[in-house]
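This report refers to the structure that appears directly beneath it.
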Amino acid sequence: MSIVGFLILLGMTTALLTLSGGTRAFAEWAQTRVKSKRGSKLLAAFLGVFIFVDDYFNSLAVGAISRPVTDRFYVSRAKLAYILDSTAAPMCVIMPASSWGAYIITIIGGILVSHGITEYSALGAYVRLIPMNFYAVFALLMVFAVAWFGLDIGKMRDHEIAASQGRGFDKDKENDTQEAHELNEELDIRESEKGKVSDLVLPIVTLIVATIASMLYTGGQALAADGKQFALLGAFENTDVGTSLIYGSLLGLAVALFTVLKQGLPMVEIARTLWIGAKSMFGAILILVFAWTIGSVIGDMKTGSYLSTMAQGNINPHWLPVILFLLSGLMAFSTGTSWGTFGIMLPIAGDMAGATDVALMLPMLSAVLAGAVFGDHCSPISDTTILSSTGARCNHIDHVSTQLPYALSVALVSCVGFIALGMTASIAFSFIAASITFVIVCAILSWLSKSKMASCQNA
């Protein structure tokens, strides 16, 4: 149940970050230091990578911080929404000290126990999955490629041209009728006018450092209990992830609480904010509980074993990673939830790997994680997609339609990676194959972008 406690503490912390006025202060600070259009896009991308503790907070906070800067340099709201969406979930899914990481580690732990796998811990397995999560890794790289090289294709190019002409920034514009919300409005929290940049940065840094330190501490205790000498990798392999996340989030919350107390804000307002923050995580907790329940039912029904039996003789096991990637993407797209897809597909993938080839366990689990994020990105009913539109003050359908070509491009790169991974079981070879494909895709996008620009100039 430590994951539930972590989610509640994380919700409280993010709410206090809003109350402290740190996001507003950071936005004002950034406006005076960013000097170019490329710089404004890179600012949003780097912030999306840095604020990885939760995808909801990421989309809303980074949007609130970056939007005034990107508007000043005539970056389209659709481009900002793409940057928000493509850094939020992909970054959260590969970071242990995030709400996503904690949830995934919990599910993986159960899968490893049920199949008697002891060669690595749940955290160890999670870390091994990161370089195999091709969609998350290359979605992040694509964001920086788009920001740096201006890879604008399809409708994104149209929005960028309109933005360069000063159009598309009026929230009451006829074609942009979606109600816009600031971060404080979304959470119904009054933002302090006394906030400083440190009020945003310090709690997040504390959360990260304290969580890592706690992982080393609990891992060191486990090694000592087994009579082994302390080793960095050994400590991470044997750490108590749940306890470490609780310790890290408690210290992060304490620092966030200090930032609002030193401003002399009323205790009633602080208490109300803490409740709002905790309440904001109830939906995620419900999904978690349902996922545990569904996972148990799937295990009792032997769904994974049944599917693996059907696959034997009909499907080469080496194709299973890419098949699971596409199936998970379809499920996440249809349901609009990556977390729900994790809860259903990870146990199934684990059972299928256990019944066919245990060596494919990690590739198949990574394929589910990547596919769920891919489907979540493409789905117009996904909560993270909606929040990215909200954070950027972009028309939701505009965001979905402009992001889709980039998501599909990265999905193609991921398919190549998972095919290579299934065939060779080599992380290095599959990553190189995916990287080569990524470079080719970026070159094609660059050619399309330049040809479109030339046609627009000649029109």
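In case you wondered, yes, glycine gets a Cβ from its N, Cα and C as well.
The domain 'Na+/H+ antiporter NhaC-like C-terminal' feature in TrEMBL is assigned to 91-423.
Taken from TrEMBL, the feature transmembrane segment covers 43-66 (among others). Counting residues 6+ beyond its ends, the transmembrane segment (43-66) has Cβ neighbours under 8 Å at 10-11, 13-14, 17-18, 23-24, 26-27, 30, 34, 80-81, 83-89, 91-92, 95, 97-100, 140, 143-144, 147, 182-183, 186-187, 200, 204, 207, 280, 383-384, 387-388, 390-393 in the same chain.
Here TrEMBL flags 87-112 (among others) as transmembrane segment.
The list of residues near the transmembrane segment (132-151) in space but at least 6 beyond its ends in sequence, with Cβ under 8 angstroms from a Cβ of it, reads 38, 41-42, 44-45, 48-49, 79, 82-83, 86-87, 89-91, 93-94, 160, 325, 362-363, 366, 369-371, 373-374, 377, 406-407, 409-411, 413-414, 417-418, 421, 427, 430-431, 434, 438, 442, 445-446, 449. Sequence annotations record features per position, and here TrEMBL assigns transmembrane segment to 132-151 (among others).
Taken from TrEMBL, the feature transmembrane segment applies to 200-224 (among others). Cβ atoms under 8 Å from those of the transmembrane segment (200-224) belong to residues 13, 16-17, 20, 22-23, 25-26, 50-51, 53, 61, 96-97, 123, 230-232, 234-241, 243-245, 247-256, 259 of the same chain, restricted to positions at least 6 beyond its ends.
Taken from TrEMBL, the feature transmembrane segment covers 244-261 (among others).
Taken from TrEMBL, the feature transmembrane segment applies to 281-299 (among others).
Positions annotated as transmembrane segment by TrEMBL: 319-346 (among others).
What TrEMBL records for 404-421 (among others) is transmembrane segment.
According to TrEMBL, the feature transmembrane segment maps to 428-448 (among others).
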*Across the whole of the domain 'Na+/H+ antiporter NhaC-like C-terminal' (91-423), what does the mean pLDDT come to? Round it, please.*
83
*asked:* How about long-range neighbours of the transmembrane segment (319-346): same chain, 6 or more residues beyond its ends, C-beta under 8 Å?
replied: 89, 93, 100, 103-104, 107-108, 111, 135, 284, 287-288, 290-292, 294-295, 298, 311, 352-353, 356, 360, 363-376, 378-385, 411, 414-415, 418-419, 421-422
*Counting only residues 6+ away from its ends, which parts of the chain sit with a Cβ under 8 Å from the transmembrane segment (87-112)?*
3, 6-7, 10, 44-45, 48-49, 52-55, 58-59, 62, 118, 120-123, 125-127, 130, 133, 135-137, 139-140, 143, 207-208, 211-212, 215, 241-242, 245, 248, 281, 284, 288, 291, 295, 338-339, 342-343, 346-347, 350, 365, 369, 373, 376-377, 384, 387-388
